[in-house]
Each structure stands twice: as C-alpha cells, then as structure tokens.
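Working notes for the structure below.
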Amino acid sequence: MKRVLLTTGGTGGHIFPALAVAEEIRRQYPAADILFVGGSYGPEARIVPAHGIRFEGLPVRGVMGRGLKAPLALAAMTAGVARGMRLVGRFNPDVVIGFGGYAAFAAMVAAKLREKPCAVHEQNSVPGMANRLLAKIADRVFISFPDPQEYFLQRKTVLTGNPVRAAIAAAGAHRAGHVPACRLLVMGGSQGAHALNLAVVNMLPQLRDAGVEILHQTGAADLETVRSAYDKAGVQATVVDFVEDMAAAYAWTDLALCRAGATTVFELAAAGVPAVFVPFPFATHDHQTANAAFLADRGAAQSIAQRDLESMPPAVLAGQIIDLLKDHGRLQGMSAAMRRMARPEAAAAIVSGAKDLIRKKPLRSLVPEREGE
C-alpha cells in the first residue's frame with residue numbers, strides 16, 4: 001500500500017474516522033503517501049493539516065437543502081469532479097476510501113471515472129444520502145452498525161465498526177480503574193448544540209449545589225453567552241468552544257451529556273464513558289435517534305428526545321443527571337456496557353479491507369461477530 005486517497009469533510013463525525021484510518025495506515029505502512037481530499041470551505045481544511053496530513057480542497061458545497069442555491073452548488077460539484085479527475089490522475093492512488101458527506105462525493109466519482117479501487121465507510125446506523133449514492137459505485141462498503149435493513153448490497157458490504165483514534169482508545173485503558181468523581185462532560189458535536197447549551201444553563205443552580213464538576217463544549221456561536229451564564233450562577237467550570245484533546249476529556253469525565261453522532265457514540269464506547277444522549281432531531285434520516293437507541297437498548301446509555309428536553313423542567317433533568325452521577329454502581333455498569341460496544345479493531349479492519357481490494361481478494365469478515373449482531 002503505497003498511495004492512499006482519503007476523502008470526506010463537513011463535520012468532525014466524518015473527518016475523525018478518516019483520521020483514525022490515516023493513523024493506522026501510517027502505523028502499518030510508515031512510507032505510505034496519504035492524500036486527504038475534502039471541501040475547501042469545511043473544517044477539514046483546518047483539522048487535517050494540523051494532523052500532519054497533506055490536504056487538497058475542492059470548491060464543493062452540499063446540494064441537499066440549499067433551495068434556490070442548489071443549482072450553484074450542483075455546478076460547483078460538477079467543477080469539483082473535473083478538478084478531482086486531474087487530482088486523482090496526478091496522485092495515482094492504489095485505493096480511494098470515502099467517509100461520507102458531500103465533500104467526498106466529487107473525489108469518489110472522479111476516482112471511479114479513473115477506474116481506481118473505491119471503498120466507502122458509513123459511520124451511522126442509517127446511511128446519509130452521499131453514501132447511499134456512492135455505495136452504488138463503490139467496490140466495498142464498510143459499515144459501523146449491523147445492517148438489518150440492508151441499505152447496501154450485502155455482497156460488497158462488511159461490518160468493521162467506526163474507527164477511533166489511538167489516543168481515544170488509550171483513554172479507555174486509562175479509565176479501566178476509574179473511580180467516579182461527579183464529573184459531567186457536555187458536548188454537542190464539533191459545532192456545539194444550542195438546545196443542550198440552554199438546558200445545561202437552566203439547571204446550573206442544581207448542578208452547582210450537587211457539587212458537579214463540568215467541562216462544557218459549547219460551539220463557537222454560544223461560547224460567550226454560556227460562559228456568562230456560568231459566571232452569573234457562580235459555577236466554576238471549563239467552558240470552551242471546542243475541546244482539542246477529547247482523549248483527556250473522556251479520561252476525566254464520569255458521564256457525557258451529548259448528541260448521538262456515530263463518531264461520538266463509538267468514541268464514548270472505546271473510552272467506556274456512559275452517556276445521556278439527546279439526538280439531533282434534524283439529522284439526515286434521523287440517524288442519531290437510531291444510534292442512541294442502539295446503545296440505550298444495551299444498557300450503555302439513556303436517550304432523551306430533544307422535544308422532551310425542551311419541555312422538561314430544569315430540576316427534573318438536573319435530578320436525572322445528578323442521580324446518575326451519584327449512583328456509582330450504575331455508572332460502572334453502563335461503562336462496562338459501553339466497552340462491550342467498542343470496536344477497537346475498526347481502523348485496522350478498514351485498512352485490511354482496503355488491502356484486500358487492492359489485491360482483488362474476495363469479501364471476508366474483518367471483525368469478530370458479537371452477540372446480537
């Protein structure tokens with residue numbers, strides 16, 4: 001494996017699994033040349049180079065939900081495919097792996113037109129529109145959750161789990177003997193979540209009186225408002241727009257109050273962190289609700305619909321959070337259930353599957369089967 005092109009972007013939920021695979025490729029093939037192709041306007045343009053990986057941006061934007069701007073986005077996507085064709089021809093990758101999102105679309109189509117081996121990885125239990133389309137042209141489809149609905153052709157689909165970075169897995173090892181200390185991690189994904197921010201701000205007096213320590217990722221839009229609310233409530237906490245070191249955050253906390261994007265779900269599982277999920281209700285095909293249900297049904301988490309969160313008296317939500325934080329036995333049981341859902345071998349499985357694709361080997365199981373799958 002000499003040259004690998006990875007492509008995705010738009011949100012951390014797509015970007016970080018791709019970075020985990022890049023990390024594994026570097027571990028197995030230190031001399032491999034990795035090129036990451038994403039959107040010029042997405043967070044990948046900042047995040048990927050910061051991880052020491054060469055990045056090429058295509059001037060593409062999402063087409064779905066853009067209304068009158070959709071024709072312009074479609075024109076940009078077409079131009080992105082043309083530019084992607086030149087880029088793929090120049091780089092000449094052994095294999096191309098896409099991780100979903102509109103930013104992967106142009107590069108994947110370009111790679112297929114160049115007749116390069118192509119694979120896609122789907123992070124969520126319900127696939128997004130980009131991967132539903134790209135799976136039709138891909139040679140392999142790697143999935144994070146079992147696929148009882150058969151969204152993808154079974155003859156080219158293999159379960160791998162969702163890859164997490166080595167530092168996140170190491171946080172899980174660090175937490176093996178973790179003694180709960182009434183610590184809460186609040187995060188709404190890489191861009192924050194206004195509904196979560198508001199809910200936590202409204203219950204700050206109860207959390208303060210219960211002695212709860214808080215690390216709160218607000219997203220950029222709400223940072224100053226939330227910081228001001230903590231100051232007014234007299235709550236000492238770490239309030240940031242973005243947590244740079246998620247591994248340290250997972251190692252520190254006892255419980256997460258968060259969205260249920262697939263990357264968050266699998267990182268929590270790898271780290272063994274129990275969660276109260278508030279799925280983003282407007283996610284494509286409501287995939288976050290399905291992700292949360294998968295963990296809640298197995299005793300690793302609780303799930304609250306956003307409409308219920310918004311109508312719930314602050315004291316009720318605070319009571320639910322505080323009761324969990326004070327119940328060490330229950331937290332430890334949820335943590336153990338989280339660990340059972342982890343897929344620490346996911347990145348290696350995807351690299352192995354990509355290697356099979358290059359060598360034109362038939363589809364095979366890449367991870368051990370588990371009870372209930």
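Glycine too: its Cβ is placed from the backbone N, Cα and C atoms.
Here is what Swiss-Prot records for this protein:
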- Thr11, Gly12, Gly13, Asn124, Arg165, Ser190, Gln288: UDP-N-acetyl-alpha-D-glucosamine binding site (BINDING)
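According to its DSSP assignment, Asn124 (UDP-N-acetyl-alpha-D-glucosamine binding site) is coil. For the binding-site residues given as Gly12, Gly13, the lowest number of other CB atoms within 10 Å of the residue's CB is seen at Gly12. In three-state terms derived from DSSP, Gly13 (UDP-N-acetyl-alpha-D-glucosamine binding site) belongs to a helical segment.
Neighbour counts were taken as the number of other C-beta atoms within 10 angstroms of each residue's C-beta; across the binding-site residues Thr11, Gln288, the minimum falls on Thr11. DSSP classifies Arg165 (UDP-N-acetyl-alpha-D-glucosamine binding site) as coil under the three-state reduction.
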